[in-house]
Amino acid sequence: MTDKKYIIALDQGTTSSRAVLLDHNANVVEIAQREFTQIYPRAGWVEHNPMEIWATQSSTLNEVVAKSGITSDEIAAIGITNQRETTIVWEKSTGTPVYNAIVWQCRRTADITDKLKADGYEEYIRNTTGLVVDPYFSGTKVKWILDNVEGAREKAERGELLFGTVDTWLVWKLTQGRVHVTDYTNASRTMLFNIHTKQWDDKMLEILNIPRSILPEVRNSSEIYGQTNIGGKGGVRIPVAGIAGDQQAALYGHLCVHAGQAKNTYGTGCFMLLHTGNKAITSKNGLLTTIACNAKGEPEYALEGSVFIAGASIQWLRDELKIVHDSFDSEYFAQKVTDSNGVYVVPAFTGLGAPYWDPYARGAIFGLSRGANCNHIVRATLQSIAYQTRDVLEAMQSDSGERLQYLRVDGGATNNNFLMQFQADILDVNVERPVVKEVTALGAAYLAGLATGFWKDLDELRDKARVERTFSPDSDNEKRERRYKGWKKAVKRSLEWAKEDEE
C-alpha cells in the first residue's frame, strides 16, 4: 500500500483518446475523452496523424487531472492500453513522424501479403507469429513506409528511425524520447515477433527487409518503463508502468489470467479471447494465437477469434429495416414474443469469420412462416450474436481442450439483458457482467498499479472486480441443442451464396 490515491489509464482507441482516473477501490472517478481525425487517402486506406494522437491523448491526461481537482503527487502510476497493430515510424533525433500512422483497418498492403502467400510463407508465419497472413498486422505496414516514403529506407539503415505501435509512441512521447519499448501483447500483433522464443524474429525481418535497429525493446506488461510529468517539464515524476493491447487489457481487466477463462467484447463485432496459460496452441479453425498476460503481467498465451457482425446487426434493424427506432428498443421488442417462431437471422453481410471463413456467405432470414412478425426478426437477430459467439467458443474449446469456466462480458450490447440471458442459455455457462464497464482501461490500470505497489496482488483486485449480474443458463439441454442445430442449418444455407456459379 502506498500513500498515493489514484491510477490513470490512457485508453488510446481507433476513434478517440481517453484518460480514465481510478481510485484505490478501482472505481472510475473521472473520464476525459477527445475524438481525432480519420484520414482516408484512398479507398481501403486508413490513417491517423501521430501528432494528433499524442495531442488528444496528452490533453485528456491533463484534463482528467484538472476536472477531478487532484494533484500530480496523488497519482501512483499511468497505464496504457491501445488500438493494436497501428504502425508509426518516426525520426529518432527529432521525434517527427516520417508518415501518418497506418491504421489496423488499412488494406493498402494486400499486394505484399499476397506475395508472402505466393512465396510460401503462410505456414512459417502461422507457426512463428501465431497470426494469419493479412494486411491487418504491423509488419507489412512498416515495409510499406520504408519502401514508399522518400529517404525512409536509407534513414532506417543508418539507424535514424524508430518504429512503434501506438503504445510505443505514447511511452516515447511521455518520457521525452528517453524510452523506446513495447510489451509482449503488442509485439505479438506485429507479424515480426516469435511468440515461442519471445524475441523479434530474424527471418521475418529478413523477409520484409526491416532493419532490427528500428524495433523497440519488448518488456512485460506490468513494470516501470520510465517516468513522466503531467503538464510539461518540472513537477512530480509519475511512473509509466503498464502496457497492454486493448483486447488483452480487457482480458486482464476481467481478471481472466488462467487457462480456460474467456471474455467477449460486444461491439460492432465481437472480440473473444480464451486464455490458454503457458500453452501456445495453433488453431485448426483459423483462430489467432496471441500473447496475453498472466497474473504478474508476464507473457502467456490466448486464442483470439472475432465475429464480424454483432452490434452492427442491431444497427441494421434500426437504419435499414427501420423496425426499431433505437438500439436499446431491441430488448423490448424481442421480449414481446415468447420465442423466435422458428426464425433465424444469419447476419453474414460481409461473409462469415471463424470457424467458417467464407467471404462469399451472405445475410439471410430463414424459417419465415405466415405468423412471423417484426418482433420475431428482432429476437432472432439478437440471438444470432449469441449463436456466433458459441461458434467461435466451440472452435476455441476444440483447439485448446479447455472447457469454458464462465464467460466475462463487456461492450455496449452487454446492457441488453435478453441477449446476455440467451448467451448463457446457448453456451450452457454463466455469463458475468461486471460493475465497472471500463474493462479495457481497468486492465491497464491494474497492470500499472501492481507494478508500483498501489495494489499488492491479484487477490486484492479480486475483491474489487465486482460482478454486477450473473446470467445462469437454462437447464433444458434438449432445447439448447435443438436451437443450435437450427442455427447450424441456417448458416449452411448461407454459405457460398455470392460465389459465382462455376458452370
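Using N, Cα and C of the backbone, Cβ positions are placed for all residues, glycine too.
Record check: Swiss-Prot places THR14, ARG84, GLU85, TYR136 at the sn-glycerol 3-phosphate site, and the matching candidate among ASP246, ASP319, ASP326, ASP329 is ASP246. The binding-site residues listed here are GLY311, GLY412; among them, GLY311 has the most other Cβ atoms within 10 Å of its own Cβ. Each residue contributes its Cα atom, and for GLN247 (glycerol binding site) and ARG84 (sn-glycerol 3-phosphate binding site) those atoms are 8 Å apart. Neighbour density for THR14 (sn-glycerol 3-phosphate binding site): within 10 A of its CB lie 17 other CB atoms from the protein chains shown. Between the listed binding-site residues, namely THR268, GLN315, ASN416, the fewest other CB atoms within 10 angstroms of a CB are found at GLN315. Closest by Cα distance to TYR136 (sn-glycerol 3-phosphate binding site), from the binding-site residues THR15, GLN315, GLY412, is THR15. The binding-site residues under consideration are SER16, GLN247. Their Cβ neighbour counts within 10 Å are lowest for SER16.
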